[in-house]
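Read the structure below first, then the notes.
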Amino acid sequence: MSATAPRIAIVGVAGRMGRTLVAAVEQDAGAVLGAGIVEPGSSLVGADIGELAGLGRLGVSAVDSLEAAEEDFDVLIDFTAPRVTLANLAFCAEHGKRMVIGTTGLNDEELAKLDEYQEKLPFVFAPNMSVGVNLTLKLLETAAKALGDEGYDIEVIEAHHRHKVDAPSGTALKMGEVIADSLGRDLKTHGVFERVGQCGPRDAKEIGFATLRAGDIVGEHTVMFATEGERIEITHKASSRMTFARGAVRAARWVVDKPAGRYAMQDVLGFN
Ligand code: NAD
């Protein structure tokens, strides 16, 4: 295995992120496209994954299991669904592979399962792979420390396309966690995810969330720090899925020679 040009397998290669990932790996001189995996029994088995991605023939045919791809990759990039991702993590741990996980919507039990693998293989798990979002998380830490206990109300507002199945977004939750951690608050206690009817005035320590779902919005997040007399808004807007895909390929190149552990994008970018 080469540490400089890892062979990458993409699971969910026919999905929105899967197709974008094929293009991102193709554009990256430091990574090689090794395999593409579609759902078991899919009619796309045998299809050229370059053609699935609208790039023309790349000479890599889709398969429908990790077993069928085992000899062809070093790092698996997975943007699918929690149940699928956990099964793939078990496979990669058993077969000496590395993993980059972008799947969101994992519940507490599934997140705890991830931790069980930190001594078994190196993997990067990040609800948002964009470099800009990860820088934004750093800015939020600074803003929260300066403002959060000084009478500023904190609200996280996110918008995504109509097909997104989980809410709030993994990124919005991550932003909430970073803010809560910076302020010694617990998001489970202080996060407010719904306001309907006579819900009373706002508690000073609340971290509120609002979710929009519409059209083809790729992903927008704003955190508002508002007090009497002023309001600060820190906003990130993704205009193309390519930003997540490039971040994931960068994470794959980074994780290939790391020891077993659960890593975040902050580690990949050298922020930790
Ligand atoms: P999508 O529905 O377009 O794609 C998911 C793909 O997974 C589908 O093609 C489906 O066929 C495939 N799949 C499901 N089960 C499978 C299996 N057993 N084997 C192989 N493939 C299987 O969804 P999407 O918009 O590409 O998003 C996928 C996930 O990535 C979501 O959780 C989303 O929130 C997340 N996401 C994360 C980031 C990030 O930066 N971390 C960015 C965008 C999306």
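Cβ atoms are placed via backbone N, Cα and C, with glycine included.
The candidate list E39, E150, E155 contains one residue that TrEMBL assigns to the NAD(+) site with G12, V13, A14, G15, R16, M17, G102, T103, T104, A126, P127, N128, M129, namely E39. Taking a C-beta cut-off of under 8 Å and a sequence gap of six or more, H160 (active site, proton donor/acceptor) has these contacts in its own chain: S169, L212, R213, I217, V218, G219, E220. You'll find the Cα of H161 ((S)-2,3,4,5-tetrahydrodipicolinate binding site) roughly 12 Å from the Cα of R16 (NAD(+) binding site). For R16 (NAD(+) binding site), the number of other Cβ atoms no farther than 10 Å from its own Cβ, over all displayed protein chains, is 14.
By the rule that a residue counts when its Cβ sits under 6 Å from some atom of ligand 1, the recorded positions N128, H160, H161, T171 yield N128.
Here the C-alpha separation of T103 (NAD(+) binding site) and K164 (active site, proton donor) works out to 12 Å.
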